[in-house]
Ligand code: KG4
Ligand code: ZN
């Protein structure tokens, strides 16, 4: 039983959460608008924004949870993977806070936390289950045997699904982060208006770089004939690209479910907020007889509540790290 403060600062969201005995009491997220005009996250600007945001975000998380600083019994933080300068802000803060309160430190792998976000609310998945983790930097199918016993059974060999969304948006002239904007446009369009090819990758791995190239050439060729092609067909292009990305994901997930004979299927990470993915997963579940787990929107994209819940399960096991811990830009499970 414990009250845990959790810190997330791996990319461009500064977030803090308080969790008591496995229940989330607060989840405060400061999003950094500074990157919008650059068409992507600028690492140096992200670190500076984390530095500015971290104390107000933590103070707000403590206030919103109606606890006091002295109630905190452990500090969990994202050690990696992510942008090193961003991770350094959260890690240094967590270390300082834990040292001042003389409480243990818990390191968390960000991608692992995306999966464990399914244990915040009910219904919680039963082990073993398959989790498709789709974010800006990762696309993996994970066999989750227990909280901390997981196996990557498929992953992207090049771009991540989130990157495919963001790069599509960039080609279409939409601002960063493009994923949610492509999703919004796609809802109004025809997913079968244009046909983008499905890559033939063996096994359970993914590839999205060919799709990006085909979108680039498709737009270039059509613009030669009609300079306003993109503006006039925005919703149909977005719907068709989104349809292809989510069918690539779902086809591999179906293959994995058959191969491992598992019918409990979850999605996690920023792209799990995508309406096309959620709809197709729900449709597939009805056909395949799957039990599916879709996280609440606030726990799809980066947040500290998922770090807190992962921290809670590590706390129970007494899995702590020392003050000599340092962040890792690349971090395996
Ligand atoms: O998990 P996340 O917040 O950060 C990383 O750990 O990378 O994921 C961010 C990614 C971005 O690529 C963003 O465009 C994508 O998730 N994303 C979406 C949607 N919401 C966020 N992609 C498609 N549709 C959405 N609704
Ligand atoms: Zn993430």
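Every residue, even glycine, has its Cβ placed from backbone N, Cα and C.
The Fe cation binding site feature in TrEMBL is assigned to 110, 114, 302. Sequence-distant neighbours of residue 110 (Fe cation binding site) (same chain, 6+ apart, CB under 8 A from its CB) are 8, 10, 78, 80, 81, 82, 302, 307, 331.
The substrate binding site annotation in TrEMBL covers 133, 134, 135, 136, 137, 166, 179, 183, 274. Less than 8 angstroms from the CB of residue 133 (substrate binding site) sit 111, 114, 115, 139, 140, 142, 267, 268, 269, each of them six or more residues away in the same chain.
Taken from TrEMBL, the feature domain 'Gcp-like' applies to 23-308.
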According to DSSP, folded down to helix, strand and coil, what is residue 114 (Fe cation binding site)?
-> helix
For the binding-site residues 133, 135, 137, 179, 274, which residues place their CB under 6 A from an atom of ligand 2?
-> 135
Using a 10 Å radius around each Cβ and counting other Cβ atoms from all shown chains, which of the binding-site residues 137, 179 yields the largest count?
-> 179
The number of other Cβ atoms within 10 Å of the Cβ of residue 114 (Fe cation binding site), counted over all protein chains shown, is 30
Quick one: average pLDDT across the domain 'Gcp-like' (23-308), no decimals.
-> 97
